[in-house]
């Protein structure tokens, strides 16, 4: 190094200065481009990049994308796994059935399931109504979480205006109006107290009254509002029958479409009724329980202790009859054995006495003959 010529030193220092200046120049030129690229990427990601070719940024997005507020919204948690970003939706939703209608037209089991679906889809979904979304034809949707979708949300608009709470517009009749095709004749006696302060014989009559009055009436609690006031239950039922609009004849051409007012619930409602059968109203798309004998409650989960006797089903009745016949035969056999034993004992005693008398008689006669 000491032997280098001064000219060589000058050449070496000049080269180092040139490379340093070139590096600084390239860095200063690249910095505004990087800032502009990040700004364009942010605008494209937030949907504000109008007029910008965002397709060219798809490759670079994976290189610079990080977890921020826009990466995972609606209650999700953003997590980086290597070069991949994942949005984790940790919602511990309870399984209670409190249906809500979402802004996307889907019915969710409860509000928690709606928020979880919004997180998974990264879409803004809000509650538009409490209760299921009413639709003419239900169809499956997204995640299958007790959902059903339809084009109309919660109300049906027609020539009648707005038919709510399960009512249908009868446009074929001369007097166009809302008709309630709700048949509660097949429901067991399961008294409930409604939010209007009246008692009804079963929840079906509550839905019928809500449909007839076109106002919101729900089940407040199980059993009548005043347990001893049985007349209020029957009076409410008679009142509903008197004010009930005329229902079209069962030979209506729409009978094939309805196939009855109630249809069996889908597999999504498994376990909804504890001791009973789940039925879905075709018009209102609301689930209800037809409780087995001896059970009551909205979900047939309470034992009805007021019932004096329980009428068994056809299969159980057959078993009861067979058991009764077998028991009767056993009782008859036992009675016959007892009667046979009690009758043999006196005969044996009389036989022994006759033999003793004959013995005495023979000895007396023999002595007399001698």
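Positions of Cβ are set from backbone N, Cα and C atoms, glycine also.
As the structure is a computational prediction, the values presented were derived from the model and not from experiment.
What Swiss-Prot records for this protein:
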TOPO_DOM  37-320  topological domain 'Extracellular'
CARBOHYD  53  N-linked glycosylation site
DOMAIN    88-135  domain 'Kazal-like 1'
DISULFID  89-119  disulfide bond
DISULFID  93-112  disulfide bond
DISULFID  101-133  disulfide bond
DISULFID  180-211  disulfide bond
DISULFID  184-204  disulfide bond
DISULFID  193-225  disulfide bond
DISULFID  265-278  disulfide bond
DISULFID  273-289  disulfide bond
DISULFID  291-300  disulfide bond
TRANSMEM  321-341  transmembrane segment
TOPO_DOM  342-370  topological domain 'Cytoplasmic'
COMPBIAS  356-370  compositional bias 'Polar residues'
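Sequence features annotated in Swiss-Prot and their locations in the structure.
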| residue | record | Cβ neighbours (10 Å) |
| --- | --- | --- |
| 89 | disulfide bond | 17 |
| 101 | disulfide bond | 22 |
| 112 | disulfide bond | 18 |
| 119 | disulfide bond | 21 |
| 133 | disulfide bond | 26 |
| 184 | disulfide bond | 20 |
| 204 | disulfide bond | 24 |
| 265 | disulfide bond | 17 |
| 289 | disulfide bond | 27 |
| 300 | disulfide bond | 23 |
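Shown for the domain 'Kazal-like 1' (88-135): DSSP residue counts in helix, strand and coil, namely 11 helix, 11 strand, 26 coil.
Summarised as a single figure, the pLDDT of the domain 'Kazal-like 1' (88-135) averages 85. Note on proximity: of the disulfide-bonded residues 89, 119, 133, 265, 278, the one nearest residue 184 (disulfide bond) is 278, by Cα distance. Within the same chain, the residues at least 6 positions away from residue 273 (disulfide bond) whose Cβ sits under 8 Å from its Cβ are 289, 290, 291, 299, 300, listed in sequence order. Cα of residue 211 (disulfide bond) to Cα of residue 193 (disulfide bond): a span of 17 Å. Neighbour count (other Cβ atoms within 10 Å of the Cβ, all protein chains): 24 for residue 180 (disulfide bond). Under DSSP, residue 180 (disulfide bond) is assigned to coil, being neither helix nor strand in the three-state scheme. DSSP assigns residue 211 (disulfide bond) to a helix.
In this structure, of the disulfide-bonded residues 93, 193, 211, the smallest number of CB atoms within 10 A of the CB marks 93. Comparing residue 204 (disulfide bond) with residue 193 (disulfide bond), their Cα atoms are 12 Å apart once rounded. Taking every protein chain shown into account, 225, 278, 291 are the disulfide-bonded residues, and of these the Cβ with the most other Cβ atoms within 10 Å belongs to 291. Looking only at Cα atoms, residue 180 (disulfide bond) sits nearest to 133 among the disulfide-bonded residues 89, 119, 133, 193.
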